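What follows is a short report on a single structure.
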Amino acid sequence: RARERRARFVGKNGACNVAHKNIREQGRFLQDVFTTLVDLKWPHTLLIFTMSFLCSWLLFGMVWWLIAFAHGDLDHSTRLQRDPGEGASGSLDSFVPCVTSIHSFTSAFLFSIEVQVTIGFGGRMVTEECPAAILVLIVQNIVGLVINAIMLGCIFMKTSQAHRRAETLIFSKHAVIALREGKLCFMLRVGDLRKSMIISATIRMQVVKKTASLEGEVVPLNQIDIQMENPVGGNSIFLVSPLIIYHVIDKNSPLYDISPMNLHHHEDLEIIVILEGVVETTGITTQARTSYLADEILWGQRFVPIVAEEDGRYSVDYSKFGNTVKVPTPSCTARQLEEDKSIM
């Protein structure tokens with residue numbers, strides 16, 4: 001019956017299974033162009049990166065061609081090609097073009113590339129004849145710097161996004177429910193594969209399920225925070241080695257009335273785990289997420305130890321990261337277990 005449940009809200013890899021449709025105010029995305037570019041997929045980003053340079057080169061190539069055409073540089077160049085000797089001693093000797101060696105749109109396009117990427121082959125250059133050409137030269141340099149800053153910054157941010165660091169933050173495939181200190185607890189294991197630490201790491205859990213209010217309002221994705229415990233107390237964790245994070249199932253817990261008999265009948269039950277912290281090497285905040293459905297929660301099992309002391313240091317065996325063993329656990333709800341203890 002777990003296959004008939006509603007769609008998963010958060011995937012095992014942390015991706016949110018939410019589709020945004022019928023957004024009427026699309027222009028809001030253009031108000032934050034940089035974030036929009038960073039959020040695009042790589043093929044789209046590379047296409048925009050290439051087209052931004054090509055379009056600017058073509059645009060200013062057309063401007064340089066128009067300047068040369070208006071000043072008569074193209075006519076002068078044509079006549080020199082027809083009679084090369086005339087330029088040495090003829091009437092055209094005193095003619096000074098706006099940009100030297102501009103013969104056609106192709107040469108104007110090449111000059112546009114040379115200006116914007118500062119290649120400077122030396123065959124073409126701006127003269128003092130046209131102040132407008134000097135102004136266009138300044139404008140194109142500024143535009144080129146702006147395009148470089150935006151596009152290179154976008155590429156850098158895409159390659160250093162915080163969610164890349166979250167790929168090495170791992171959660172156990174299954175969660176377990178077993179006794180700890182005489183109380184039923186929901187437990188999971190979290191670890192960090194890298195040696196560089198996550199600073200100020202915090203972890204929290206939520207239960208997402210369909211609920212209805214007393215007034216009859218149906219909330220399809222009601223998010224309920226659940227209190228959790230960890231070996232160092234509070235929500236902050238020192239994630240230098242894998243830790244078992246647990247939630248005590250008490251009277252304030254949404255899992256208070258769940259037993260092994262009805263656990264897998266809760267198709268709408270989903271427990272989301274969110275780990276946040278600052279990457280030590282970059283100082284960027286990162287977040288890793290996962291979720292557990294009812295059929296991914298194992299009743300009456302416990303995680304096996306994976307940390308051992310070897311040769312004066314602690315060794316972590318990640319091959320046993322998600323391994324569990326069966327342990328004696330009451331087949332009743334936390335409410336029933338608490339009532340039985342009160343009677344005794």
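Cβ from N, Cα, C; glycine included.
TrEMBL labels come from automatic prediction, so no person has curated them.
The domain 'Potassium channel inwardly rectifying transmembrane' annotation in TrEMBL covers 10-161. Per TrEMBL, the feature transmembrane segment maps to 46-67, 132-156. Annotation source TrEMBL lists domain 'Inward rectifier potassium channel C-terminal' at 169-341.
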Counting only residues 6+ away from its ends, which parts of the chain sit with a Cβ under 8 Å from the transmembrane segment (132-156)?
33-34, 37-38, 45, 48-49, 52-53, 56, 60, 63-64, 67, 98-99, 112, 115-117, 126
For the domain 'Inward rectifier potassium channel C-terminal' (169-341), mean pLDDT (0 to 100):
85
